[in-house]
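> Got these off Swiss-Prot a minute ago, pasting:
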COMPBIAS  15-26  compositional bias 'Basic and acidic residues'
REGION    1-42  region 'Disordered'
REPEAT    43-131  repeat 'Solcar 1'
REPEAT    141-225  repeat 'Solcar 2'
REPEAT    232-326  repeat 'Solcar 3'
TRANSMEM  45-64  transmembrane segment
TRANSMEM  106-125  transmembrane segment
TRANSMEM  143-162  transmembrane segment
TRANSMEM  200-219  transmembrane segment
TRANSMEM  234-253  transmembrane segment
TRANSMEM  301-320  transmembrane segment
Amino acid sequence: MELRSGSVGSQAVARRMDGDSRDGGGGKDATGSEDYENLPTSASVSTHMTAGAMAGILEHSVMYPVDSVKTRMQSLSPDPKAQYTSIYGALKKIMRTEGFWRPLRGVNVMIMGAGPAHAMYFACYENMKRTLNDVFHHQGNSHLANGIAGSMATLLHDAVMNPAEVVKQRLQMYNSQHRSAISCIRTVWRTEGLGAFYRSYTTQLTMNIPFQSIHFITYEFLQEQVNPHRTYNPQSHIISGGLAGALAAAATTPLDVCKTLLNTQENVALSLANISGRLSGMANAFRTVYQLNGLAGYFKGIQARVIYQMPSTAISWSVYEFFKYFLTKRQLENRAPY
């Protein structure tokens, strides 16, 4: 099947995806096609969910080693053997001293969480965005609608991903007591209870709602600049996704540091802060970070976070847009009369 967006067949499908019926008249703008985003009802919820699941799995799988380094770099009281100055140096040291596969420990948990989480995330975003754009900006693309839609999608996404985040971050830490995802889940459940899997949920939302608002608004804005006709354009999706992710990541690093502390419950850090038991709550996490490392503590791992998020969101958007285009194209071709 020819998938090039410039082919005659693809252009015809793109017009149908955009609601442009050449023989029916309606749905065309001055250029002969409407926005790629304005898919007809044939772009079903299942299409968005399938494309979203594929995007989430590939994004987190490819970038997982960098995510492991980011988690360690955000440690407030790292072991002397786990202090790193660069991502490359960290990965090299981890593989040399802890084993070649060590940076991938916990990736199975992330894949199991990322698939359903991103499926709901993109499906919710697409439908909320379309509904809110009709309310706020009937004839165009409202950045307010994009931000709100991204925030609402985050509520569903984080409800699924938070337990996976807790488990994978504990597996990622240096000298982790947990040797497998199952043993980690059992230990946390037995010693800390079910609530431990959602201890950082409010912090996660406090971080991810502004992150995703910035992310979606920036992505949609950049798409308007580099891809104004909203055709399927892989290069534009990669550029817009990467820049949007980098900006959102840098702006929300302080919240990510607090989330990591709540997820990992670093014993050394809590002891230095004279905290007994378990740390909970965003305000307490912020105070603890400042107490131990000052203002600089809020930006621990910012380099790794930006380097992780930039290709991560580029992968996510390019994969998502490809599968959305591919699946809708297949649906339309299957319905076309021969």
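Note: Cβ is positioned from N, Cα and C throughout, glycine not excepted.
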> Rank 106-125, 143-162, 200-219, 234-253, 301-320 by Cβ pairs under 8 Å to the transmembrane segment (45-64) and hand me the top one.
106-125
> On the 0 to 100 pLDDT scale, where does the repeat 'Solcar 2' (141-225) sit on average?
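That stretch averages a pLDDT of 91.
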> Summarise the repeat 'Solcar 3' (232-326) as counts of helix, strand and coil residues per DSSP.
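Counting residues by DSSP class gives 79 helix, 0 strand, 16 coil.
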